[in-house]
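The structure under discussion is supplied below as structure tokens; questions concerning it will follow.
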Amino acid sequence: MTEKKKEGINGIALEEMGTQEQETKKEQKTFTVEDAVETIGFGRFHIALFLIMGSTGVVEAMEIMLIAVVGPVIRCEWQLGNWQVALVTTMVFFGYMLSSVIFGVLADRYGRWKILFLSFIWGAYFSLLTSFSPSYIWFVFLRTMVGCGVSGHAQGLIIKTEFLPTKYRGYMLPLSQVFWLAGSLLIIGLASVVNPTLGWRWLIRIASLPGIILLLVFKFIPESARYNVSSGNDKAAVATLQWIAKMNHSVMPEGKLVEPVNERRGRFKDLMDPKYLRTTLQIWIIWLGISFAYYGVILASAELLEKKLVCGTRGGGGAEEAAAGNDAEEIRSPCLCHLFAPSDYQVMIISTIGEIALNPVNILGINLLGRRLSLTITMGCTALFFLLLNICTSSSGLIGFLFMLRALVSANFNTIYIYTAEVYPTSMRALGLGTSGSLCRIGAMVAPFIAQVLMNASFLGALCLFASVCVVCAVSAFTLPIETKGRALQYEAAKYESQSTDVEIISKFPPENEC
């Protein structure tokens, strides 16, 4: 009897202990990376992140804008025709297109930071080699390699997006345009001084220095905590978040970091999932059109200044017609040699400053009207100002139109960058941005032949083509199925299978129909 009583008491005690353990497990607090990012808030880490990752835009802008200021010089040195100058830009974006998808897949599988670092080494190395090009063919090949490297710079934007609290993304990401503006102004300013004195080869060497310097400060920025969690490296994610909290003089949320481990990262077929198919296709159309318009404006500006394609040379009577005829013959010449004058560089600087002019309005539109409506309005206005370029006006009027066009196309890029980074889940965010960046380079590849070749044959025809593409993009933006304003970053695609077995995961993802 005594033994039975003891067994009964022990059984009851074990049951009570089991019940207590279950209650403890139920009461155990958990948090996600999204919770941690929001709890830690904005602080010193994010300012450093903004400055360092934003500076990648300086390097990218200098490498991309380089062709616009070097084009007239190599045209003279190697006696190039219109199509040969256009081919240089096209091949840069061809390299960009090829490697964007590759870098996107690699970044989702092996980390954003590693790919960003690799792309900077690649870009700086081939940029320096370009300055030693012995011929036009070598120049085209090496600039194509530079384009491959520059495509990886988009990982800097992804890292910024994944570390920023939700309410700050709509403000801080558009402000990154300041760095692109700084890079554009820097390369134009350097070209105005270096091209006439030391030559274009030294211009390229000097332009490579910011990328090399930036490599030295990347160590201060950690790998994305969201990527670490999605790849199952929770310890690294926690360590990163704790470091950020300490740097911001903030605190971490209580409990244990719990996120689903996604073994299926960086898969192209996820972009074609029914949940994202329509969004993906429309985003691709918009990226292609925005890139076509953006680089069309930049190259058309250089073309208008280099060859003086203003209204006085497009029509008139008497002596003006004769002068226009002579100009037309010179423009069609395969050996056209017309270097930029100091005043031309000044006009390029003024129009480039336009890229920041609408930034405050763009930020307000993104946060008040939402990403879709804001993009629709700016794309529609871009189409209008392309058509206004055909109006016969003074040089001041032309500068004003170019200024507004640069402001609008810049606002378009701001908005679509933010939207694309927000709409896809962590497991496919880099791939989504990479494929979009790759597709958009098709537009950038076509733009030189419209802005530098077709524009010489039919000025109005080229402008109508640019405007028509912008209208298509505006319609596509208006009909996007998902609005990301105020929406938390998603971690998984629609179909999620939990791989966790040691703890009970409390799902924080919205139902499928709420995305």
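Using N, Cα and C of the backbone, Cβ positions are placed for all residues, glycine too.
All annotation found in TrEMBL is predicted automatically rather than curated by experts.
The model shown is predicted, which means the values in this text are computed figures rather than measured ones.
As annotated in TrEMBL:
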- 47-71: transmembrane segment (TRANSMEM)
- 49-485: domain 'Major facilitator superfamily (MFS) profile' (DOMAIN)
- 83-106: transmembrane segment (TRANSMEM)
- 171-194: transmembrane segment (TRANSMEM)
- 200-221: transmembrane segment (TRANSMEM)
- 281-300: transmembrane segment (TRANSMEM)
- 457-480: transmembrane segment (TRANSMEM)
Which of 83-106, 171-194, 200-221, 281-300, 457-480 has the most Cβ pairs closer than 8 Å to the transmembrane segment (47-71)?
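Stretch with the highest Cβ contact count: 171-194.
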Short question: most Cβ pairs under 8 Å with the transmembrane segment (83-106), which of 171-194, 200-221, 281-300, 457-480?
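If we count Cβ pairs closer than 8 Å to the transmembrane segment (83-106), 281-300 scores highest.
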Please average pLDDT over the domain 'Major facilitator superfamily (MFS) profile' (49-485) for the predicted structure.
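Result for the domain 'Major facilitator superfamily (MFS) profile' (49-485): average pLDDT 80.
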